[in-house]
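Listed features, source Swiss-Prot:
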TOPO_DOM  1-14  topological domain 'Cytoplasmic'
TRANSMEM  15-35  transmembrane segment
TOPO_DOM  36-172  topological domain 'Lumenal'
ACT_SITE  Ser49  active site, charge relay system
ACT_SITE  His90  active site, charge relay system
ACT_SITE  Asp115  active site, charge relay system
REGION    158-169  region 'C-terminal short (CTS) helix'
Amino acid sequence: MLSSLANPRQAASQLLNFALILSTAFMMWKGLSVVSDSPSPIVVVLSGSMEPAFQRGDLLFLWNRNIIQETEVGEIVVYEVRGKNIPIVHRVVRKFGAGSEAKLLTKGDNNQGSDEELYAKDQDFLVRKDIIGSVVAYIPFVGYVTILLSEYPWLKTAMLGIMGLVVVLQRE
């Protein structure tokens, strides 16, 4: 097994294969970002605030249609609160105005009240630039891996270690 480490060419080849896999994944992510016009075209539902529409761990695919069509009441959007890097998935419940100046109020389907307390300080509504994208599709429970990795940091280290060992010890 460890004989592959003795051959520097084979070790370099395996390292390059691993780098190729990582760069391909990155390019696919960036390509999807460009096509969807969203900085985060795929997000994971982190809480139960949108149940029963979406469960914790669902993987959501986003599309940012602000050029073609306006965000409407009833649409499920993902937004980021200014100054925080946490995507929030909620439904637009009220809209004031039209176009890029429209003000939007959101609420989780499973929440009692609207999201005003979640917005940034001195912000009563969302504007279109706060929206990361609208939900167009989802895959149930696939995102649980992300939740597990964030809740149990040791699991992330173990998975990276196992993947590294597989790459190093792989025989071709």
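Cβ atoms are placed via backbone N, Cα and C, with glycine included.
Swiss-Prot feature annotations superimposed on the structure.
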| residue | record | DSSP (3 states) |
| --- | --- | --- |
| Ser49 | active site, charge relay system | coil |
| His90 | active site, charge relay system | strand |
| Asp115 | active site, charge relay system | helix |
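Model confidence over the region 'C-terminal short (CTS) helix' (158-169) stands at 85, taken as the mean pLDDT rounded to a whole number. Under a cutoff of 8 A between CB atoms, and with a sequence separation of 6+ in the same chain, the neighbours of His90 (active site, charge relay system) are Ser49, Met50, Ile76, Val77, Tyr79, Thr106, Lys107, Gly108, Asp109, Asn111, Asp115. Residue counts for the topological domain 'Lumenal' (36-172) under DSSP, helix first, then strand, then coil, are 35 helix, 38 strand, 64 coil. The number of other CB atoms found within 10 A of the CB of Asp115 (active site, charge relay system), across every protein chain shown, is 21.
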